[in-house]
Each structure stands twice: as structure tokens, then as C-alpha cells.
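**Student:** What TrEMBL shows for this protein is this:
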type	residues	note
DOMAIN	A:157-370	domain 'Cytochrome c assembly protein'
TRANSMEM	A:35-57	transmembrane segment
TRANSMEM	A:129-151	transmembrane segment
TRANSMEM	A:163-181	transmembrane segment
TRANSMEM	A:188-209	transmembrane segment
TRANSMEM	A:221-249	transmembrane segment
TRANSMEM	A:287-306	transmembrane segment
TRANSMEM	A:321-340	transmembrane segment
TRANSMEM	A:347-365	transmembrane segment
Amino acid sequence: MTLAAATELAAVTDLSGVTELAAATNEQLAKYSDVLIHSAMVVYTLAFFAYIAEWLFGSRSKVGRTAAALTAGAGKKADAPAITVKQAGGTAVLERPQVVVRSATGARDVPDGPGAHGGDEKGDLYGRIAVSLTVLAFLVEFAGVLARALSVQRAPWGNMYEFNITFSTVAVGVYLTLLALKKNVRWLGLILITTVLLDLGLAVTVLYTESDQLVPALHSYWLYIHVSTAIFCGAVFYVGAMTTVLYLFKDSYENKLMSGGTPGRFATSVLERLPAAASLDKFSYRVNAAVFPLWTFTIIAGAIWAGDAWGRYWGWDPKEVWSFITWVAYAGYLHARATAGWKGRKAAYIALIAFGCWLFNYYGVNIFVSGKHSYADV
Amino acid sequence: MSTTDTKGTEKESADDLGAAGSQLSTAPREEAPNLPSLGVIGWARWFWRQLTSMRVALLLLFLLSLGAIPGSLIPQSGTDATKVADFMDRHETLGPIYEKLGLFHVYSSVWFSAIYILLFVSLIGCIVPRTWQFVGQLRGRPPGAPKRLTRLPAYTTWRTGAEPEQVREVALRVLKQHRFRAHVAGDAVAAEKGYLREAGNLLFHIALIVMLVAFAWGQLYKSEGNKLVVEGDGFANTITQYDDFKSGSLFSIDHDLEPFSFDLKEFKGTYEVSGPNKGTPRTYEADVTYSVGADGEEKRTTIKVNEPLKIGDSKVYLVSHGYAPVVTVRDGKGKVVYKGAVPLLPQDSNVTSSGAIKVLDGYRNADGEREQLGFNAFFVPSFAGEGQGTMLSQFPALLNPRLALSAYHGDVGVDSGIAQNVYQLDTRKLEKFEDSDGELLTERLAPGETMQLPDGAGSITFEKEIKEWAGFQVTEQPGSGWALLGAIAAIGGLAGSLFIQRRRVWVRAVRGADGVTVVEMAGLGRSESAKVPEELGRLAAVVYDAAPTAPDAPPERTQDQDPDPSDAQPTEEPSADTSTPDPQVVSAEGADKQ
Ligand code: HEM
């Protein structure tokens, strides 16, 4: 057979379909982008210290709701429905009905912690500062990503450097959106910003790539759909995974309290301020379940693109395999939650494994495995 | 059976709620894996129950993802046979072991197939009974109210002057308006909503089966072949015309090749002419005329890289391109013995190309003996210029083409019966033509130039017309439409399954001991969710408007309608902690308004 060689060459020479992206690299914009990314790192660092301050000041206040709910004869109380009826002092005020919520039988009735500031006013102030700084850093980083995209006149995910900066921007964006939706997630800030700083540090040192043209096979609008949803799903899965880890810690903490143990002071100080394990578990489930259909769509969009570009929609290329593994792992997680004996911690471990698969699909496959997707410049 | 999604203590909750919480989902009940004591049928039934349980489905999902891993790390013969051979060479002990385990073709190996076939048998075994159950639920009515509504995750109550029948009537109307399925059962209205969740879940699992079958079908019946076509030439979709051809195991050559043909009229490539990306391809287009069937009407179209030509289940992709210089070979007497376009293979991104020209018959040398001629050919579309020496192209387009030839005569070796690479010259039985220094005769020609072979052996002319060729891949994968349909259904079903909450609402209205009507409303979701109490609040507000608080209700008293007072322990409203309102109480939204 003689054409294999020709076909391979075609992959290098490549036959690009889309033409409008005449892309002369604009070096000036690329430089702006670098400056903006570095500036974003500085602001993130400030935000990082503000989150630290929030936690530090929060530790001064004594919150012990979890402990209070789980110890001191709480066993009975947990089963009792907390029926509350408003009392209107003396006069016959016509009261509207109040809906009373109780946990399902057998579930622990643990109140959520107040958040990292622990109810401390100064802590709360620092927390607000931290969020404001995060918003600022997000805007700067976003501008940096945008400048990068404009400098190459294409989507900013042609190599691992660009993927990293885009990914961290989207992850912070997801966090800020959750905050804007009035979800109780500020406690996630410190971990998120720490990892964002690590991610950016890695990006600007090890992974940095001069702004450059894309391999032309990547010129397809399916790329925009496929990769942008993939990045978004990754960011949301990441939020889910962080919450899952916290759930595991908090759950151990509650278990220890239930069995009459005394957790360490540091663990108490940190974990008392987080939401109840059940809330964390529910939150991570919602987050993971909400993006699972989108992740399914991402894989299908990729298959459609592969069908148009490579002549087969599914060929067990390493990237495809790992997307599939990630998908099956998350499906396993959703199943585990519906399977008696697998709820709670076991399901949480599966969720973490599933996110591990997602991470490996990105870093591991790009670095260790070669396949058609190996456009990434390491 | 797990009815309320609680942690542990299933039994207790089942006792609590009776039938009220049952069948909020059709998930199979979990049974302890008791070993059967009966004979073969007992065992078969036991095995089937195990296979269709959630636990085993989970295990199989886990195995499926584990099993998929080696295929991404070990070279696969389906995608890269040379790498597999290379691996076999380098690992003398490991190689054969891998081979035995099917690790070079994981996704068609026996064990991988076993996992997914088991999974899908389990899936079918799961779907069929669940569908029946679901149909039964749709036919039946929502279960009646449990005795103690206070036990439910969302609860509200008030006393009203309205008659109990009146309240029930209002509640029934309100719930139906909110598209609940509702009916009056005894002293309460029972209502349920969100059946689409179950329907979505079933649709999703069925769609998975559709996708798998479509995929398997496609694998078994697929075909894939490559063909290089020079401008002006054509291709008819029969197996003999392919340069190479692969097909699935059930593919039948006689029946399954779509009858069509096409001619390549013109290939057009454009390239970035300046800037840092100079030479980067901008467009590749192949203008073709094609016809379907034996005598179909001829149509024109353009095939681009991401836009294949679709004919039935077949797709024609443009996958490569190159140049085919036209040469004319004459013998010593000036008779044309060969004239044609010779496709050459690109070697780099600027289409420096190489190949061979073979004149097999019709040539006689100066002595009048039959001989064959062979030329090694190098071609550059954009020559750097005199003195720049090397035959490396500077640009992919035809700016300054040159053809470098070295000439041989003798036996090209095609007759020996061994398949030969048309792009390479086998020089073992060939003699060099020599130049005046006794070296291999080599010349670099511009278009229109001719290279003379020594001693009246003839000549070869590099014609001014230079053709281009395009490589086409023709694939046929039946069932891809079904796969796509399954995929879309899967996403839709999944969204329904994950975003819709199935929940029940009960409204009980009874005359209390003091003659005042007591209304109780409670909600139950399949899983704990903030939405259930919120919705209950909204519904309660509407019902409340029609049946407001009895004016003579003693306001100071905490209300306690529970038939069993020990069950409900009213607590005082939390007052101390104002910064963080007690999360357990959700105000009945809308009820406070007006
Ligand atoms: C190809 C393999 C399978 C995949 C990818 C898959 C995927 C999923 C997903 C993503 C869900 C989540 C939807 C939700 O939480 O409502 C789900 C739910 C479910 N699956 Fe599967 N599934 C597979 C096989 C099976 C099998 C073999 C069974 C039967 C034993 C099964 C039974 C169920 C049930 C009962 C639910 C609903 C659980 C509930 O009510 O929450 N699935 N499945």
C-alpha cells in the first residue's frame, strides 16, 4: 500500500477546510496577553492572601454547630421534625403557613457551617475583599485569554499553555457565577484560587508556547463547540471534585463526632465552618449531574467532527478512549448514587476517580500517549 | 426497596410512609445475594437477578472503563500496525503474551466484548421490567396520603374556616392546574408530577442500546478504501479500482459497494503567501463531476477537507494531494514510448516530492532490443533558484517547478510477480545511464526541457503541463444515522432524567376536634431537594388564598395536628442567631405577600 504515506503527510501538510482565519500572528497583542496573564497572577495572589485572612479571622469565633448537633443527646433530636409556627404576640394575627423542612429519616440533621469567616465580621470583610479581588483577577485573566485569541485569530486552545489559561479562567468563572446565583460556595475560594495559581504557574513556566498558528485540521466549527464544552465541563467537574474532597473530610469529621471521638483542633476549626456533609454531597452531585449531559454532548460533538475530518466518527484514539472512560466513570457515579450501599463515601470516591480520568485525558494523554489528537505542544 | 433515598434504614422509612413513597422510581430493588437452593432454574433465575441488579450494572460499568484503558496505552493494530510490529520486536517475552490476551486489538477482543455484551444484556434485562412498571404507574393513580404527613420532608399546616370538602376541591383544582396528576383518596388529595424523569431515564437507556447496535452494525459492514486520482482521471467505486481497501467482517463486495463514479476535473490549493505562516494551506478543493448508479445523471460538486461528498452511506473525503508532472519518453528514433502524468508523493509541507517513472514496454534501445526504462524523480513546485543547489521546495504552489531525474535501463522488475511499490524504483536489475564522467546520469529540468539519454538511447521531456492529483478516501459506514439519532435521544433522555424531579404532594383536610378544618400539605421528592419545599410553599399559598386561616384560631398555640403527639415535637422558632437564619425553615413563598 502506498497511500498510507501520502495520507500521513496530508496530516502534516494538512488540507485545511476553513480559510477565513487568515492568521498573521499579532506579536503586540501576544505581548499584551502575556502581561495580562502575569498581572492576573498577581491579583490572584492578593485574593489568595485575602482568603487566608478570611480563614484566619474566622478561626477566632467559636462555631460548633456540627458538634452541637451531633453530640449532647442529639440522637433523638435528629429524628424529630422541627415544626415551627410563628407566634404573633397575643393578638389574632392571621398567620400564613410556613413550610417545614426535615431531612429524610435516617439522615443526619446537621446544620451548615457559616462559611470560612466563621461569623466573624472582620473575617467576612476579608472574604468580601477576596471575592472582589477574584472578580478583578478573573477580568484581567479573561482579557489576557482574549488578547491571546485575537493575536492568533483563533480560539485560545491550540496548545497546553492556552488550554491551561482558558481552563483556569472558566473554572473561576464557574465559581463566580455560582456566587452570583447566591449559592453558598464562598468556602471554595481558597482551594480554587490556590489551584488556579498552581495551574497558571505551570502554564507560564513549563507549558509556555509562543503564540502560533493552529494545525489546520483543527479549523472546524465543531472544534469550537467540542473544545469549548469540554473545557466548561472540565471546570464544572473540577468544582464538583473539590466539593467531593471536602465532603469526604467533613463526613469523616461528623462520623468521628457521632461515634464520640474528638477531632483535632485544626480539623474542628476548618470543618465546623463548612456546610454539612450532606449539603456538600448534594452540591457536588448536582454539579456533576448537571454537566453530565453536556459532557455526553461534548463526546458526541467530537465524534461528529471526527466523522467529518477523519472519515470515521469513532476510532478508539487515545483521547476518545479517555473521554469514554471519563464518561463511563461519571455514569458509574450516578448509578452508585442510586444503588443501595453505594451512596455517600463510595460514590464520592467514584466521582473523584472520574475526575482523575478527566485530568488524565488532558495531561496524561497529551504527554504520555500519542494519537491523532496530539496537537498539544508540551 | 429504596424509596426515599435515605442513607441506610430503608425499613424504617418504608414503615413510615407506607405506599406513599413507593415507586417514585423504577430502579430495581436491591436484594441480598442469597444463594438459591433450587436446581438449575433456581440458579438461572438467581443469575439473571444478579445480572440485572444495579450492583452488577455498576460493576460492569467499572470493568468497562478499566478494560478500555490498555487500548489507549498499548499500540493497536487497527490504528497503527507498524507500531505493533515494532513493539513485538522490542518486547520478546511481553509481545506474545499481549498478543494472546488480545491487547493489540482491545476493542474487538473477546474479553472486552464480553464486558459490554454482558452490560447490554443487563441493560435490556433492566429496561424491560422497568418499562412495564412505569406503564403500570402511568395507568394507576398516585398513592394515597400517608398517615402522618409530618414525617415527610416538606410539610405545612393551617386551620381554616372552609369546609374540608371545599378545601379538597380547591386543592384538586390547583394541583391539576399545576399539571399534577391528582385525585381525591379518602380525606386527602394525592398528586404526582415529573413522570418525564422516568420516561427520560428509560429513553436514555434505550438510546444506549440503539447506539451500540448502530455502532456494531457499522463496524461489521463498513468499508474503507483509498484512491489517488490525477486531474482528468476518474474513479468508479469497484474494489479493483482502489489502491488499498479494508472492510468489516460481514461486508460483501458484491452487494455493499455503492455504485457511483467520479472524475477529478481540477484540484485547487491556495496557500498563505506571506507572514510567519507562509506556505500554510488555506484551501484545498477538488472539483469533481460524479454520477450515481450505472447511468446516473452527471453532477458537479466540490469536495473540501471537512466537507466530504456524501452518496448514500458512502462518503468521499479529500485526504491528500500532490503533483503529477507530465513526461514524454521517446526512444532513439524519436517514437513516443510513454506519455503521461506521473503522480509523486510529497515529502514535506512545501510538497517536495519523489517517485519513479517506469517505462515497461514499447521501448527498444539503440540496438533495437526490448528494454525497460526507469527514472528516479524528484520534484519541487518552487525551486529556490540556481546556485541554491538543493532540491527542496520553498513553497507549496507551482511558482518555479523543477524535475530532477536520474535514468536507468534494464529490467524494472515488474514482471517478477512480486508486488512493487509504484513510487519506488527497484534498481537491482537496472543499469545506470552514465554521463560523461561515468556517473549516474542526473539532470534537473525546467518545464519544457528535455533530458537526452546517452548514445542515442532516447530522451525524456518534462512537459509544461503539470497536473495535480488528489487522494480520496471512500468510506462506507452504514448505521451512522442511527447512531446519531441514538445520541440525540440519549442526551434528551438524560436531560429529562437528571433535571426533572419526580415528586408527590398530598393535601389532607379534616375537621379537627374543635370543629375547625385543619389543612395539612406535604411534599416528597425522589431525592431530597430544595425545590420540593419551595414548590409546596407556592402551592400552599394558592390553596391558602381559597381557604384562609380561621379567624378564631387561637394564635398563641403551637399547632399540633399530628395524630400522635409524641411524633411531632414543636420547637420554638430560633431567635438568638439572627445572622444565619435557620436553614430548616423555608417561608411559604407568596404566602407572605399580598
Ligand atoms: C451502558 C451502561 C449504562 C450507562 C452508561 C448508564 C447510565 C446511566 C446514567 C447516566 C444514569 C443517571 C440518570 C439518573 O440519575 O437518573 C442512569 C440511571 C439509571 N440506570 Fe443506568 N446506565 C447503564 C446501564 C444500566 C443498567 C445495566 C441498568 C440496570 C441494572 C441501569 C439502571 C439504571 C437505573 C435504574 C437508573 C435510575 C436510577 C435512579 O432512579 O436514580 N443502567 N444510568
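Each Cβ is built from the backbone N, Cα and C atoms, and glycine gets one as well.
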**Student:** I need to check the long-range neighbours of the transmembrane segment (A:35-57): which residues 6 or more away from its ends have a CB within less than 8 Å of a CB in the stretch?
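**Tutor:** Contacts with the transmembrane segment (A:35-57): 116-118, 120, 122-124, 126-127, 129-131, 133-134, 136-138, 140-141, 143-145, 147-148, 165, 189-190, 193-194, 196-197, 200-201, 203-204, 270.
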**Student:** Which residues of the same chain, at least 6 past either end of the transmembrane segment (A:221-249), have a Cβ under 8 Å from a Cβ in it?
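**Tutor:** The answer is 18, 155, 157, 163, 166-167, 170-171, 173-175, 178, 185, 187-188, 191-192, 195, 267, 271, 274, 277, 280-281, 283-284, 287-288, 290-291, 294-295, 297-298, 301-302, 304-305, 308-309, 330, 345, 348, 351-352, 354-355, 358, 362.
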**Student:** For the transmembrane segment (A:163-181), give me same-chain residues lying six or more residues beyond its boundaries with a C-beta closer than 8 angstroms to one of its C-beta atoms, as numbers and ranges.
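**Tutor:** Cβ under 8 Å, 6 or more out: 37, 131, 134-135, 137-138, 141-142, 144-145, 148, 156-157, 188-189, 192-193, 196, 199-200, 202-203, 207, 231-232, 234-236, 238-239, 362, 376.
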**Student:** What residues in the same chain, six or more past the boundaries of the transmembrane segment (A:347-365), come closer than 8 Å to it by Cβ-Cβ distance?
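**Tutor:** For the transmembrane segment (A:347-365), the sequence-distant neighbours (Cβ-Cβ under 8 Å, at least 6 residues beyond its ends) are 163, 233-234, 237-238, 240-241, 244-245, 247-248, 251, 281, 284, 288, 318-319, 322-323, 325-326, 329-330, 332-333, 336-337, 371, 373.
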**Student:** At a C-beta cut-off of under 8 Å, are there same-chain residues at least 6 beyond the transmembrane segment (A:188-209) that contact it? List them, or none.
**Tutor:** 34, 37-38, 40-41, 44-45, 47-48, 51-52, 54-55, 116, 127, 130-131, 134, 141, 159-162, 164-165, 167-168, 171-172, 175, 239, 242-243, 246, 377-378
**Student:** I'd like to know the mean pLDDT over the domain 'Cytochrome c assembly protein' (A:157-370).
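**Tutor:** Here the mean pLDDT over the domain 'Cytochrome c assembly protein' (A:157-370) amounts to 87.
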